[in-house]
Every structure is written in C-alpha cells, then in structure tokens.
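Here is what TrEMBL says about this protein:
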type: REGION; residues: B:1-23; note: region 'Disordered'
type: TRANSMEM; residues: B:70-91; note: transmembrane segment
type: TRANSMEM; residues: B:119-140; note: transmembrane segment
type: TRANSMEM; residues: B:170-188; note: transmembrane segment
type: TRANSMEM; residues: B:231-254; note: transmembrane segment
type: TRANSMEM; residues: B:266-289; note: transmembrane segment
type: TRANSMEM; residues: B:309-335; note: transmembrane segment
type: TRANSMEM; residues: B:347-370; note: transmembrane segment
type: TRANSMEM; residues: B:425-444; note: transmembrane segment
type: TRANSMEM; residues: B:450-473; note: transmembrane segment
type: TRANSMEM; residues: B:485-509; note: transmembrane segment
type: TRANSMEM; residues: B:515-536; note: transmembrane segment
type: DOMAIN; residues: B:680-738; note: domain 'CBS'
There are 2 protein chains.
Amino acid sequence: MANIAKKVSWSGRGDDRGERTPLLNGDEEVKYNRQVPDTLDYDNSENQLFLEEERRMSHMGFRCLEIRRWVICGLIGFLTGLIACMIDIAVEKLAGYKYFAVKLNIEKYTELGGLSISLILWAVLNSAFVMFGAIAVAFVEPIAAGSGIPQIKCFLNGVKIPRVVRLKTLVIKVFGVICSVAGGLAVGKEGPMIHSGAVVAAGVSQGRSTSLKKDFKIFEYFRRDTEKRDFVSAGAAAGVSAAFGAPVGGVLFSLEEGASFWNQMLTWRIFFASMVSTFTLNFFLSIYHGKPGELSSPGLINFGRFDTLNYFSFFPLHFPGGVLGALFNIINYWLTIFRIRYIHRPCLQVMEAMLVAAVTATVSFAMIYFSNDCQPLGQDNTEEYPLQLFCADGEYNSMATAFFNTPERSVRSLFHNPPGTYNPVTLGVFTLAYFFLAVWTYGLTVSAGVFIPSLLIGAAWGRLFGILLSFIASSQSIWADPGKYALIGAAAQLGGIVRMTLSLTVILVEATGNVTYGFPIMLVLMTAKIVGDYFIEGLYDIHIKLQSVPFLHSDAPPTSHWLTAREVMSSPVTCFNRVEKVGRIVDVLSNTSTIHNGFPVVAHTSPVIPTRKICGLILRSQLIVLLKHKVFVERASSRLSQRKLQLKDFRDAYPRFPPIQSIHVSQDERECMMDLTEFMNPTPYTVPQETSLPRVFKLFRALGLRHLVVVDNENRVVGLVTRKDLARYHVGKDGLEELHLAQT
Amino acid sequence: MANIAKKVSWSGRGDDRGERTPLLNGDEEVKYNRQVPDTLDYDNSENQLFLEEERRMSHMGFRCLEIRRWVICGLIGFLTGLIACMIDIAVEKLAGYKYFAVKLNIEKYTELGGLSISLILWAVLNSAFVMFGAIAVAFVEPIAAGSGIPQIKCFLNGVKIPRVVRLKTLVIKVFGVICSVAGGLAVGKEGPMIHSGAVVAAGVSQGRSTSLKKDFKIFEYFRRDTEKRDFVSAGAAAGVSAAFGAPVGGVLFSLEEGASFWNQMLTWRIFFASMVSTFTLNFFLSIYHGKPGELSSPGLINFGRFDTLNYFSFFPLHFPGGVLGALFNIINYWLTIFRIRYIHRPCLQVMEAMLVAAVTATVSFAMIYFSNDCQPLGQDNTEEYPLQLFCADGEYNSMATAFFNTPERSVRSLFHNPPGTYNPVTLGVFTLAYFFLAVWTYGLTVSAGVFIPSLLIGAAWGRLFGILLSFIASSQSIWADPGKYALIGAAAQLGGIVRMTLSLTVILVEATGNVTYGFPIMLVLMTAKIVGDYFIEGLYDIHIKLQSVPFLHSDAPPTSHWLTAREVMSSPVTCFNRVEKVGRIVDVLSNTSTIHNGFPVVAHTSPVIPTRKICGLILRSQLIVLLKHKVFVERASSRLSQRKLQLKDFRDAYPRFPPIQSIHVSQDERECMMDLTEFMNPTPYTVPQETSLPRVFKLFRALGLRHLVVVDNENRVVGLVTRKDLARYHVGKDGLEELHLAQT
C-alpha cells in the first residue's frame with residue numbers, strides 16, 4: 001500500500017510561488033535562492049483577442065510565420081556556432097600563451113634548480129585568469145555560475161529562473177568560461193555552450209534585449225511562453241550540437257528535457273538549428289585552422305575516430321562508473337551545502353575560486369615534479385607542449401602532457417594514444433587527484449561545465465583498467481586496446497555523475513562517430529544510472545533540488561493512484577466574477593501572503609447565492625495589463641475614442657509585467673468595474689474532483705499547463721492544481737512521499 | 001478568411017467507424033478496403049476496477065512491471081534482428097543461386113549465339129520466385145502486401161488496421177519479401193523489416209498469438225491499447241534499426257509517427273530495442289560471414305564509410321529530387337487507382353506480379369545485351385558476378401553489374417566505385433528503365449519496400465550528374481567525386497518519394513556513418529519535400545488516403561481557429577444511464593446504422609427531466625464483456641457466490657471482443673438492469689462547446705484520445721468528438737476543406 005509519509009495541512013497556501021525549500025534553514029536559503037523561480041505557461045490563453053487575431057490571419061500569414069520561425073532557428077544555430085568557435089579560439093590562444101610561458105620558465109629553472117619560481121608563476125597566472133572570471137560571475141551576474149544545464153533543464157521543464165536567458169548572462173558566461181578554462185581549472189567549456197545557445201535563442205526569437213534596452217520590433221508574434229520555449233529548446237540543442245558535434249544528440253537532449261512538448265515541425269526546426277550550429281562551428285574552425293573546405297571539427301570536443309568495435313572488451317566497467325559517480329555527487333552535495341552556509345559573499349566566492357586555481361596548479365606541478373614517467377618523443381609528435389623536465393633527451397614527461405593540455409586534448413590522447421603511452425601509476429595518481437579537484441571545482445562561482453572533467457576522470461581509470469587487464473591477458477590479445485576501455489570508462493563516469501541516458505548515449509555515439517559503439521555505451525550508461533541512483537540522484541538533479549524548484553518529472557510516481565485531484569489541489573481558490581470590481585482585483589493582486597498567478601473567472605447565475613460556475617481563467621499578468629490601461633466598464637464610452645486594447649499591448653509587456661505596486665489606482669477607480677470576458681481564457685482545461693493524480697499529471701504535463709481548474713459535477717470551481725501541487729510527490733524509500741515545497 | 005469548402009450535414013452520423021472514402025465509387029472501395037479500420041484508445045479507462053488493481057500494487061510491483069517491459073523490448077530487438085538476419089541470408093543465397101545459374105547459361109550461349117534461351121531462363125526463374133511470393137500474399141494474407149510502412153504509420157497514429165500485427169502476416173511478409181527480392185523485382189527488403197518488427201512486438205508483448213491460438217499466460221498486464229502501442233513503437237524502431245543499422249533513426253521514426261506519445265522511459269526502451277536489434281543482426285551476420293567479433297554490418301544496407309565532407313559539392317541536386325519524386329508518386333497514384341478498379345482478383349494480382357517480374361528480367365537483359373560498357377576487371381574485384389558477355393578478356397560488362405546484384409550492392413557501388421566506373425549513357429538508360437520498373441512494382445501484391453529502389457534511382461542520376469559536372473569542371477577538382485553526388489541524389493529521390501524528414505535524415509546519416517553529412521542531407525530532404533509537396537503528397541500518405549483512414553496529423557490546420565467543438569462534434573450522442581436497462585444496451589449496440597464505440601454515462605439528477613449530466617464514459621468493448629458475463633443488478637445476489645468481474649476478464653477478451661450478435665440475451669434478461677458505475681471511466685476528459693478546434697485537437701492528440709465529450713456549462717453532454725471529426729479537416733488550395741470521411 002502506498003504510504004503518504006508526511007501529509008501537511010494545505011489550505012490557505014499560495015500557488016505557483018517561488019517559496020523556499022525546508023532542506024536548508026531560513027537564512028541560508030535566502031542566500032542560495034536569491035532568484036525566486038516563476039513558472040512558464042505553455043497553454044495559450046485562447047481569449048477573444050487571441051482568437052480574433054488568429055482568425056484574421058490568412059493561410060499565407062501562417063506560412064510567413066512558419067518561415068520566420070525557420071529563419072530564427074537558422075540564426076540561432078549560426079550565432080551559437082559562432083560563439084562556440086569564439087570560445088574555442090580564445091581558450092586555445094590564452095591557454096597556449098600560458099603553457100608557453102610556464103614551459104619556458106620551467107625549462108629555464110630545471111637546470112638552475114629554482115623550480116618553486118615556476119610553480120609560483122603558474123599558480124599566479126591561473127589564479128589571475130580565474131579571478132577575472134569569478135569576479136565577473138560573482139559580482140555581475142551570479143546566475144552565470146556553473147554549467148547552466150540545471151537552469152536550462154528547469155526552463156525546458158517549465159520553470160522560469162529569473163535572468164537566466166538575458167544577454168548579460170550570456171556575456172558573463174562566455175567571458176567566465178574562457179577565464180576558467182584558460183585558468184587551468186578542472187572544468188570543460190561544453191556545458192556552458194548549452195546555456196549560451198539557450199540565451200541566444202531567447203534573445204533572437206524575441207527580437208529585443210532587456211540588457212541593451214533595445215527593441216527591434218521584429219518577431220513580436222513570438223512574445224509568449226509557448227513560442228519562446230520552443231526557440232529555447234532549439235537553442236539548447238544548438239548548444240549541445242556545437243559542443244559535441246552531435247546534432248541528433250542535441251535534439252534528443254531538448255526532447256528529453258522538454259519531455260512532453262513533442263511536435264513534428266518543432267523537432268524538425270530544432271534539428272535545423274543544431275545542424276546549422278555544428279556546421280557553422282566546423283566551417284569557421286576549418287578556416288581558422290587554415291584548411292577551408294575540410295570539415296573535420298564538428299564540435300568543441302571530438303573523440304577522434306574509433307575503429308570497428310570488438311565486443312569482447314565491454315563488460316566489466318559498468319559498476320565503478322555508478323559508484324564513483326555517486327561518490328562525486330555525494331561529496332559535491334556536502335560541499336554545496338557547506339558553500340551555501342559559509343561562502344555566500346561574492347568576495348569569499350572569488351577567493352575560493354582563486355584558491356582552487358592555485359591548488360590545481362600546485363597539485364599539477366607536484367605531480368609533474370615527482371613523476372618519473374618519461375616517454376620517448378615520437379616522430380609524429382602530437383603533444384603541443386612536450387616538457388622534458390628531468391627526462392633524458394628525446395623524451396618527455398608524460399604527466400606534464402596531461403596537465404599541459406586543455407582537458408579536451410587529454411581526453412583524446414587517453415582514447416587514442418597507443419598502448420604503453422601511460423604508466424599505470426601515473427594514471428592512478430592522476431585519476432585520484434583530478435577526481436578531487438573536479439569535485440571541488442564544480443559549484444565554484446565560475447562558469448564551467450562538468451562534462452569534460454568527468455570524461456577525463458573516467459578515461460583515466462578506464463585506461464588504467466585496460467592496462468592492468470593487458471598484464472593479466474596476453475598483451476597481444478584483443479583485450480589489449482586500453483583506448484577502448486578509456487572510452488567506456490569515460491562514458492561510465494559521466495553517466496554516473498549526470499545520469500542522463502538517451503541523449504548522452506547519442507551524444508557519445510556521435511562524438512565517437514561509430515554507430516556500433518552505441519550498444520556498449522548504452523549499457524554502460526544504464527548500469528551507471530541504476531547503480532548511481534541507488535546512492536544519490538544525478539548532479540544536476542541535486543542542484544535543482546537545492547534550488548527548491550518545482551520540477552516535474554515525465555510521469556507521476558507509480559504508486560500515486562491513491563491520490564485524487566481533490567487531495568492534491570489547492571483550495572479555497574480566489575475567483576473573480578466575470579465583471580469584477582477594480583478594488584477587489586487590486587486587493588487580491590496586492591495580497592503578498594498568497595501570490596496567485598491564475599484566477600478562475602466564475603459566473604453567478606443566481607444573483608443571490610454565488611454558485612461559482614466556471615466560465616474562464618485569467619492570469620495575473622493579464623489583469624496587470626488591464627489595470628495599467630485602465631480598461632474599466634465606466635470608461636467604455638470614453639474609450640470609444642481611444643483605441644481598443646490589443647494583443648500587442650500584452651506582448652509589449654511580456655515577459656516582465658510590472659508589479660502591482662507600480663500601478664496607481666485611485667480611490668474613484670477602485671469603485672469602477674472591469675469586464676474580463678474579452679480577456680479571460682473562456683475554455684480552460686478542467687478535471688472532476690475524483691480524477692486520479694496520474695491522470696491529472698498526464699494532462700498537466702502533456703499540455704504544459706500552469707493551472708488546472710478542478711470542478712465538481714455542477715461545473716463549480718472547487719480547487720486549482722498548479723505545478724507545485726504535483727511536484728511535491730515523489731517516490732522515496734517508504735513509498736510515496738510529499739516534499740515540503742511551497743508552504744507559506 | 002478561412003473558407004469551409006464543403007460543409008455536410010452531420011447529424012445521425014456514426015462515430016469512429018471505418019466508412020469508405022468517396023475518392024472511389026462504391027464498388028471499388030469495397031474491394032480496396034476489405035479491412036475496416038478501427039481506432040486505438042490510448043487513454044486508460046480509469047474505472048474502479050483499474051484503480052483498485054493499481055492501488056493494490058506495491059512499489060515493487062511497479063518495478064517488476066518495468067523490468068518486464070525492458071525484457072520484452074530486449075526480446076523484440078533480438079527477434080527482429082534475427083528475422084532481418086534470416087531474410088538477408090535467404091535472399092543472398094537464393095539470389096546467388098539464380099545469378100550463378102543465369103551467368104553460366106549466358107556464358108554458355110554468348111559464343112553459341114542462343115541468348116534468347118538465357119533470357120527465357122532468367123525470366124522464368126524470376127517469375128517463379130515472384131509467383132510464390134505473390135500467391136502467398138494474394139491468397140493467404142493480403143495485408144502483407146507492400147512495405148507495410150503505411151499500415152504501421154496508421155497504427156502508431158492510432159488507427160488499427162485489422163490483422164496487421166498478426167503472426168500469420170509476419171510469416172507471409174518474410175516469405176514474400178524473400179521471394180520478391182530474389183525474384184529480381186525493383187524492390188528492397190528494408191521497408192518490410194519495419195512491419196516485421198512491429199508484428200514481433202505485438203506478439204511478444206501480448207504473450208499470445210491468435211494465429212497459433214496459443215496463450216502463454218504471460219504479460220497479461222500489457223493487454224491493452226496503451227501498452228501494446230508502446231511496444232509496437234519499439235518494434236517498428238527495431239525494424240528500422242535492423243534495416244539501416246540506424247538505431248537512433250529508428251527511435252526518431254517511431255517518435256515522428258507516434259508523434260505525441262513522447263515519454264522519457266518509453267523512448268529509452270525503444271532505443272534499447274533498436275540497439276539490441278542492430279547488435280543482434282551485426283553479431284549473427286559476423287558469424288555467418290565467418291568473422292565473429294568484427295561487427296561491421298549493423299544494418300541490412302550499409303552505405304559504406306564516406307570520408308570527410310567537402311561542402312562545395314552539395315547544392316544543385318535538391319530540385320530534381322522533389323520533381324522526380326512527385327512524378328513517381330503521381331504515376332503510382334494513377335496506377336493504384338487502375339489496380340483498384342481492374343486488378344482486384346487474387347489470381348489477376350499474381351499474374352500482374354509475374355508479368356512485372358518477366359518484364360524486369362527482359363528489360364535488364366536487353367540493357368545488358370545492348371550496352372557496350374566494358375570495364376576492366378580490377379585487382380580488388382568487388383563484383384560477385386562479373387559477366388564478360390561481349391567484352392574483351394579481362395573486362396566485364398558494367399551494366400550487368402547493376403542488374404546482377406541485389407539492389408543494396410548496386411547502391412553501394414554507385415556511392416563508392418571510383419570515378420570512371422560508369423559510362424554516362426549506361427547510367428542514363430539505367431535510371432530511366434529502373435524508374436519505371438520501380439513505379440510499376442510498388443503496389444503489386446508482393447511484400448516489398450520502396451526505399452532501396454528510390455535510393456538506387458537517385459544514386460544513378462546523382463552519379464550521372466556528378467560525371468557530367470566533372471566534364472565541365474576540371475576532372476581533378478574537388479567537384480569530381482561522383483560518389484558524393486550519388487549519395488545526395490539518392491537522398492533527394494528518396495525524400496521526394498516518401499517525404500519523411502527528420503527520421504530519414506538521421507537514418508541516412510547513420511547509414512553513411514559521418515555526421516558532417518547531416519547538414520547537406522537535411523537540406524536536400526527539406527527541399528525535396530517542399531518541391532514534392534507542391535505537386536502531390538508523399539507515397540505513403542497517398543496510400544493511406546486511398547484507404548480512407550482517419551489519419552491525424554500532428555497539428556490542427558493553421559486556419560481552423562474559426563471552428564469550435566460545437567461545430568466539429570457529433571451530436572446527438574447516444575448516452576446511457578448509470579443504471580441502464582439491458583434491453584436498451586443491446587439495442588444500441590446492435591444498431592448497425594450507427595456503430596458507436598464510446599458512450600457517455602449520464603446521471604439523472606431529476607427523475608422527471610433528463611438532465612444528461614456527465615458522470616462517466618463506457619466503451620462498447622466493456623459493455624460487451626459485461627453482457628457476456630451477464631453482470632446484471634438482478635443477479636447481484638446470486639453473484640455473491642460467483643466471483644466478481646475483474647480486469648482480467650476484460651484483458652482476456654482483448655483485443656478481439658466478440659460482436660454483439662454472438663451474445664445471446666434472453667427476453668427476460670432484457671428487462672434486467674445493469675449498473676455501469678464500477679466499469680465506466682468516471683473522469684473522462686471533457687471540453688466546453690466554445691473550445692476552438694486547435695485546442696480540441698491538441699488535447700485529443702497529446703493524450704491519444706478516442707472520445708472527447710463536449711459539455712455545456714451545466715456539465716451536460718451535448719456532443720462527442722472522435723478521431724473522424726478531427727481528421728476530416730485539412731488545408732486545401734482554397735483554405736480549410738472538409739473531407740468526406742465517415743458518412744453513413
């Protein structure tokens with residue numbers, strides 16, 4: 001029997017608000033959760049204005065809109081590709097200068113014996129880069145911290161985190177990621193690309209920028225949640241596509257996260273944006289590398305081509321991925337809690353980031369210094385910065401290779417360098433050190449992704465495993481290619497940390513460029529997820545949970561058939577009459593104890609007894625626009641001279657509708673009446689009270705609703721189901737549990 | 001302004017019936033449309049029995065179900081891969097024997113000068129093969145004809161075409177496709193794989209077979225439309241995956257066709273089935289080819305590896321693909337109409353198939369005979385049956401290569417043979433001949449797909465274009481690789497014929513194994529679709545339309561905001577009372593003039609005036625089971641001794657519920673009452689009358705509904721929207737048009 005662990009009293013509670021989670025106590029939450037998330041409404045409010053506009057539009061008009069959508073998607077892809085290209089080149093250049101300077105310095109002091117000066121130079125250079133990045137993030141736009149994937153996941157899920165898709169965020173993100181990667185942190189530049197793509201999409205599709213305070217007066221039709229979300233999905237997909245050269249993976253990422261909003265034409269446009277993005281990156285990088293026409297770098301990271309799969313080698317690495325991934329997540333979780341408690345002032349955050357940079361440099365230096373792993377300098381020398389250090393002439397220090405490279409190159413060499421390139425002890429120490437550095441780094445106030453560090457850790461222990469195996473098996477057998485173990489290890493580690501499944505498989509398959517690797521990669525990701533889920537959730541989900549976001553999963557919890565709409569809904573509901581007094585509207589909207597965003601509109605069939613029969617649904621944002629334009633019944637006669645309120649007025653206010661406090665309503669006006677008929681959605685979706693939770697959930701999720709009205713069998717409003725009401729149920733150890741979201 | 005071209009009177013019309021299209025007049029339709037399609041219900045009927053069962057189930061129970069789903073998907077993939085492998089080997093063997101025999105014969109008579117004997121031998125062999133295949137299809141299971149893709153599209157869309165997923169169909173399909181490919185028809189074996197995968201899925205997931213009359217008593221939980229459809233999607237994806245070595249393409253195919261039913265776990269299972277399928281095929285083929293462990297044939301067709309894209313070469317081939325595709329479809333459309341009119345008797349159908357086989361052999365022979373395209377026999381001779389004919393020693397006839405190969409091999413050699421392998425005149429004649437043969441062949445009463453012939457035609461004219469271009473440009477320039485033009489031509493031709501977009505791009509990209517080809521392939525498919533759509537619909541859509549299936553597209557027509565639920569719904573609706581007289585139920589169900597499948601259940605609040613307030617929805621199938629078990633109120637006392645009716649009784653009857661005529665109800669029993677409360681779905685989805693068509697459409701499609709009740713603002717039933725009501729609107733030349741579907 002399903003067991004409702006903690007049932008809390010629910011009446012008088014606000015709906016749809018960004019309240020804080022009781023996971024952390026009062027004060028801490030405030031610091032972590034400075035942005036109160038809002039929810040998106042994917043259900044068009046089909047009011048009279050909307051229907052009139054749609055009906056006025058000819059078939060050709062719809063076709064033009066469709067063409068415009070395609071153009072926007074093309075632009076999104078192009079700009080995202082361009083940004084990826086820019087980041088790539090900037091990082092290469094900056095890191096190149098840095099490694100060159102340090103290398104010269106080390107070479108100079110290797111003989112003289114003052115290597116501590118080199119260490120200090122390196123640590124200072126790294127810290128300086130990281131400082132700039134951290135300052136920008138901490139002081140200018142804190143939402144640009146991290147990979148941005150949790151935020152984009154939330155956005156696609158229907159939760160709007162403020163400022164997440166602004167131009168300013170993009171600028172800081174790009175600057176931050178260049179600094180943190182060039183600063184030698186254990187981070188990747190791939191995750192932030194997804195966020196960047198999403199910002200580009202939001203900006204281009206709306207035809208204006210709040211940060212620049214510029215409205216280009218184009219694409220006004222797309223200024224609503226439904227359309228914006230579609231474009232943001234395309235942007236996220238374009239970001240994935242540019243990051244990994246994986247257009248199909250990008251599409252699947254968007255679909256996996258946007259889950260229910262599948263639509264054939266939309267998917268096709270998302271795919272177009274992805275394709276354009278990877279093509280743009282490829283094109284410009286091919287020009288930058290001086291080989292125009294040779295399109296060989298479809299993504300920021302390329303795994304290089306893997307040859308035909310031999311399937312004997314793919315079975316023993318699944319388990320450690322899940323365990324190590326879970327370990328990573330557990331440590332990072334505690335670290336994040338610690339950070340929320342003690343490191344919440346921007347200057348402290350910058351200092352922590354600088355400290356991590358310095359420690360990273362020191363650890364790297366120590367490992368290079370103490371390792372005696374000398375490798376002969378090959379003919380076809382693929383290392384850009386071979387460091388001789390204490391090795392004999394014609395040899396180089398292979399540990400230095402691992403640290404004197406961008407992590408992307410290190411991953412590739414772990415995959416492809418011939419057997420014997422790496423000493424097992426070197427690899428073991430490297431894995432350990434990099435693991436803890438990466439755990440410490442994720443969650444710093446810098447823009448950075450966790451994909452590449454995860455891949456690198458996994459590739460290192462995967463290759464280590466392969467080497468050890470080849471000691472046991474005969475070294476010439478088919479078991480002996482450690483590069484393939486590195487690939488599987490990388491997949492296992494990444495899967496164990498982020499727990500993405502479908503899209504990650506496709507991304508990795510596209511990055512390896514060989515479809516036969518799909519099956520083992522899928523198996524390894526599945527096992528890593530199952531094993532990891534036993535211990536703790538995925539890294540992104542942890543961070544989403546810490547932000548107390550009402551995140552809806554794709555299905556209702558399996559044992560939730562016990563619950564009905566009557567039990568999950570919020571009630572009583574504040575309703576408005578079809579023709580309502582302005583004073584009451586203002587009072588309801590101003591009431592800070594219950595911030596509602598949607599209000600059922602009811603018709604009073606009998607003037608004496610209020611029957612609350614539903615006849616529509618109106619949104620807070622619509623009411624605010626109406627109040628702002630003073631659309632009162634008493635002014636209707638004088639309004640004849642004025643122009644009629646149009647959909648355009650709502651669009652101009654989108655998405656940042658003014659707060660109710662900024663609208664002045666005089667005492668006289670409070671006595672006026674407002675006729676909501678024209679503006680409310682006359683056909684909101686409703687469910688009867690007996691509907692089971694899974695059924696409510698399915699309707700809510702499939703249509704991307706924000707409010708679902710619960711009615712009795714006389715069609716009277718009895719409650720309202722919002723995202724929070726559904727998000728608080730989840731399956732725990734003792735069956736169904738209720739989270740303490742959204743309490744006032 | 002939207003223009004409703006033909007508005008027909010709509011009252012008294014049956015809902016949800018397989019009526020015939022007025023595209024053809026009376027008699028013809030009957031012959032074409034022997035199977036009356038039914039619709040699937042993807043909305044669980046959440047009645048008390050269902051809820052009780054779900055509530056009884058523990059969390060562990062749900063987990064077991066989930067594991068069982070995974071096991072089934074694995075099995076589906078495995079069996080589909082195995083079938084693909086079997087077909088491949090059988091075709092290779094049979095075609096091998098045939099070519100060997102003909103080749104020996106030709107070689108014998110080339111010198112003697114009696115080549116007409118060879119021709120006759122060839123034609124007879126081909127006709128014999130085709131005859132067996134055609135007899136099986138025409139006399140045993142006509143639904144196995146063609147590629148089966150239109151039928152699977154319909155199934156995933158929610159239209160059930162009878163017998164389409166039976167074991168017998170699978171057997172005939174496999175046998176038929178082996179015969180027709182071995183018989184040298186211009187067909188491929190890839191399309192039928194999709195159908196085969198779907199049948200396997202339906203069979204395995206239900207744990208029983210009607211054809212074998214065997215019930216394994218397993219997987220009983222999955223005996224309902226919702227679950228079955230999920231597995232069939234997985235099966236179709238596994239089929240695509242095995243056919244093209246494209247697991248991701250398979251997933252996208254299922255999603256594109258199943259459109260709205262996206263769900264994360266489901267997609268992941270579909271992907272699993274796809275992966276297992278391609279892996280199984282690869283594994284067994286590698287053993288068959290004597291190289292176990294070298295997994296190099298993930299699909300029935302492999303395009304071979306393409307090297308890096310040079311993007312200069314991809315822009316001038318988009319247009320002809322659309323035009324030639326449309327031409328193909330137009331000719332085939334008229335041919336199909338002709339066939340429906342005149343070739344409807346099985347023996348005529350067999351004779352036509354044999355005639356086509358003989359003509360194909362003759363045309364091939366003539367072309368080989370008259371072509372003087374001799375090529376030197378290379379060192380690394382890739383041709384399996386090089387035919388010297390009239391060529392000099394050490395040379396072979398290249399036209400013979402094209403015909404003495406399975407079409408898959410021909411495609412591959414057009415893609416990869418070095419420049420200069422083909423004579424332009426040969427290619428031109430070949431394209432022309434093969435085009436008309438392929439048009440004639442599609443729609444014959446044989447199991448066969450259109451993918452490979454389309455690819456072959458396109459590859460031929462693409463390569464021809466490449467060769468001509470290299471005459472103009474310098475032959476050593478980057479423009480000079482005709483193989484890449486062949487690839488783009490193939491994509492253009494296929495896209496122009498089938499008009500699939502997203503999934504086809506991914507399938508082709510996976511088949512080429514190079515992600516950078518994605519962008520040009522996508523562009524070419526898009527253009528081909530746009531150009532082709534200008535002339536006529538896609539081939540599958542034409543055939544679906546000819547079957548007058550109520551196929552729902554993914555969106556409502558853009559200009560349909562004019563219409564509301566009130567205008568599209570069927571009314572008046574036959575309703576039942578919560579406690580209804582058995583006689584009335586039997587009468588309603590027996591009424592052949594209005595075959596309804598769903599009935600709103602209404603509560604009479606006042607005994608005098610029937611208010612028709614909705615309180616549930618009950619299905620014909622449920623009523624039939626109730627009648628069969630005689631669940632009457634009057635027998636309730638005696639039923640105490642009997643066991644209570646359970647969900648199992650409904651599952652056992654699924655999916656072929658007995659017709660009402662087979663259930664005997666005595667005159668006494670007619671006077672009994674039946675209490676529907678426990679069995680009806682108490683929370684059907686409802687919409688108000690004013691809801692716009694796009695909104696109704698979205699709800700209907702997103703939830704996969706079969707019936708949507710339209711209520712007034714008192715919650716009284718005023719109408720019922722079914723699939724037919726929505727499918728009949730489409731955008732024509734003059735705006736919105738109404739199709740004449742579903743008239744009684």
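The backbone N, Cα and C atoms fix where each Cβ goes, glycine too.
Here the structure is a predicted model, which means the values were calculated and not measured.
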Taking 3+ C-beta pairs under 8 angstroms (sequence gap of 6 or more) as contact, is the transmembrane segment (B:266-289) in contact with the transmembrane segment (B:231-254)? yes
Using Cβ distances below 8 Å and needing 3 or more such pairs, separated by at least 6 in sequence, tell me whether the transmembrane segment (B:70-91) contacts the transmembrane segment (B:170-188). yes
The domain 'CBS' (B:680-738): mean pLDDT? 85
Grab the same-chain neighbours of the transmembrane segment (B:485-509) for me: Cβ-Cβ under 8 Å, and only residues 6 or more beyond its ends, written as numbers and ranges. 240, 244, 246, 248-250, 252-253, 255-256, 303, 306, 313-314, 317-318, 320-326, 328-329, 411, 414-415, 450-451, 454-463, 465-466, 469, 515, 517-518, 520-522, 524-529, 531-533, 537-541
Using Cβ atoms only, state whether the transmembrane segment (B:347-370) and the transmembrane segment (B:450-473) have three or more pairs under 8 Å that are 6 or more apart in sequence. no
